[in-house]
Amino acid sequence: MKAVVFAYHDMGCLGVQALLDAGYEISAIFTHADNPAEKVFYGSVSRLAALAGIPVYAPDDINHPLWVERIAQLAPDVIFSFYYRNLLNNEILKLAPHGAFNLHGSLLPKYRGRAPLNWVLENGENETGVTLHRMVAKADAGAIIAQQRVAIDPEDAALTLHKKLCQSASQMLEYALPAIKQGQTQETAQNESEATYFGRRKPEDSFLDWNKPATVLHNMVRAVADPWPGAFSYVGTQKFTIWSSRVHPRVNAAQPGSVISVAPFLIACGDGALEVITGQSVDGITMQGSQLAQTLGLVEGSRLNSQPVCTVQRRTRVLILGVNGFIGNHLTERLLREDHYEVYGLDIGSDAISRFLTHPNFHFVEGDISIHSEWIEYHIKKCDVVLPLVAIATPIEYTRNPLRVFELDFEENLRIIRYCVQYHKRIIFPSTSEVYGMCTDKFFDEDHSNLIVGPINKPRWIYSVSKQLLDRVIWAYGEKEGLQFTLFRPFNWMGPRLDNLNAARIGSSRAITQLILNLVEGSPIKLIDGGKQKRCFTDIRDGIEALYRIIENTGNRCDGEIINIGNPDNEASIEELGKMLLASFDKHPLRQHFPPFAGFRVVESSSYYGKGYQDVEHRKPSIRNARRCLDWEPTIDMQETIDETLDFFLRTVDIVEKSS
């Protein structure tokens, strides 16, 4: 029987050897290149394959169509996965007529997902095991072919349990693989009601919170003991790792995290105390507990921390280019509300941010990003987070000035992106909902929707493709050079200070500002191509709160993510927006100061925007990533946004224009 194998780690080696021993013909093995940042203590699948004369590959993306085609050409009868770290898509799974099988390190359906070895120890389980199961689209959910139990002894830590699981897996494969080959398997469906799932472990999962019981912390030490990265704590700002420990009953009333004694090195916990048997300072060597306490300068009564304690907390420096714009000025207001941000801003005007100019944590320079390149480079080096918000983002300019759109939106921003790469700075880049173009999906999804634009002779797409190419450049810099980034895509944000009425007079504004100008001047509201195009309108306060959470980046959850920020519940056509705005206008206390409503007028897009324009019928965001990364949900109803936006502009007109 001809097999294609996906394998890594010790389990990968023993799986490959078991297949060879069972008489399988292995056509190819797919594995991973070792990560230099990872401590490699396990066997090499690639070396084993090479010694056995089997072709071996380590692709970056096994699910790429080219690799799927190459696997199809191998014509496998069966597919096996032994601790391969990437999910295989359905296109690969269906290539094997006798099925695809995966070796998992737990007693499924318990502990599906990543790192079951570590999670069972941390959770204090006394039993785990190994499972061979069919592979289906849902991870670790297929029917069970074989299963073997493994007892977890109190003295077991990660490495000893790993060795037990490897031994048990070898025994199980010895009888399971011939059964698969002979078509004599007995399969048991998994009970979904009993399923549990655990994700990839993150560094913060190994923080030792001294408020927890000593038993819980001891289990955490066991779960990530050497050669895993280890459980850790801090003495002030100094990090140290505990490699092995022992639980003691509480011997006094010390506060959690207090050092009860240094010989033995005993630390008070929420319940009981933890004795450090062996440990290591961040730049030191492994040593026994009492020596470690001495090395760390600890005495009885010293306090430990779960997080580093800094005597002086420097404010996070945020550079906003285009700080006077709609998003920039609202974001500045939100950041300055907190005392831990310092905002540096550049723009060609300051009318929208004049209220911040005297704030001690706000630093502004009036200037043009195409001229002030030295200032920009210096402040990118100086700041922690960079938001390049400068762009031409009004549709009429895409057809009126396409080259200027390209020069500013693409070329100037590319220079800023490269500075961020050069100086290792985090960039939060404003992509746009425009990148989805004429996508036909019901909900536009950051990770799966196609980005579809029109022909070259439609210059309205120059903004969309400029932004899309920058998205791709940033993504590539993240993948290849470690750029820390987040892309966010606003969906029709509205609110006070969106454009201004002077911009609307020359057609260079967003839809609602243009409609308000029509009402203020008593001119007809123009409905481009009938105004049936639908958009999802988002209140600026909802949008800014999401953007603020991206800047906060709790748990680094936003790194490398693309995040739609919009309100899918606030969907309306431009015609409906105009009618809602008219109703709000008629109820406004300043209504009497303005001319009568001049009605709606349907106009062709070519006569308004020019011959190079194309419109999009609908644009509704999926906000799955925003919910997952930001714990964010839009809350403000569209009518409230319309009322407040209209009120802001009408009062501006009354104060400024009517008095002139």
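Every residue, even glycine, has its Cβ placed from backbone N, Cα and C.
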(request) Quick one: which of ASP347, ASP351, ASP384 does Swiss-Prot put in the NAD(+) site with ASP368, ILE369? (result) ASP347
(request) Taking Swiss-Prot at its word that VAL136, ALA137, LYS138, ALA139, ASP140 bind (6R)-10-formyltetrahydrofolate, choose the one of ARG114, ARG149 listed for that site. (result) ARG114
(message) With the NAD(+) site defined by the record as ASP347, ASP368, ILE369, how many Å span the farthest pair of C-alpha atoms?
(response) 8
(message) Within 10 Å of its Cβ, which one of these recorded positions (HIS104, LYS138, ARG535) has the largest number of other Cβ atoms?
(response) HIS104
(message) Please give me the CB contact count at 10 A for ARG114 ((6R)-10-formyltetrahydrofolate binding site), counting all chains in the structure.
(response) 16
(request) Specify the count of other C-beta atoms within 10 Å of the C-beta of ARG619 (active site, proton donor). (result) 20
(message) Quick check: in three-state DSSP terms, what is ALA139 ((6R)-10-formyltetrahydrofolate binding site)?
(response) coil
(message) Which one is it, among the recorded positions HIS104, ALA139, ASP140, that lies nearest to LYS526 (UDP-alpha-D-glucuronate binding site) by Cα separation?
(response) ALA139
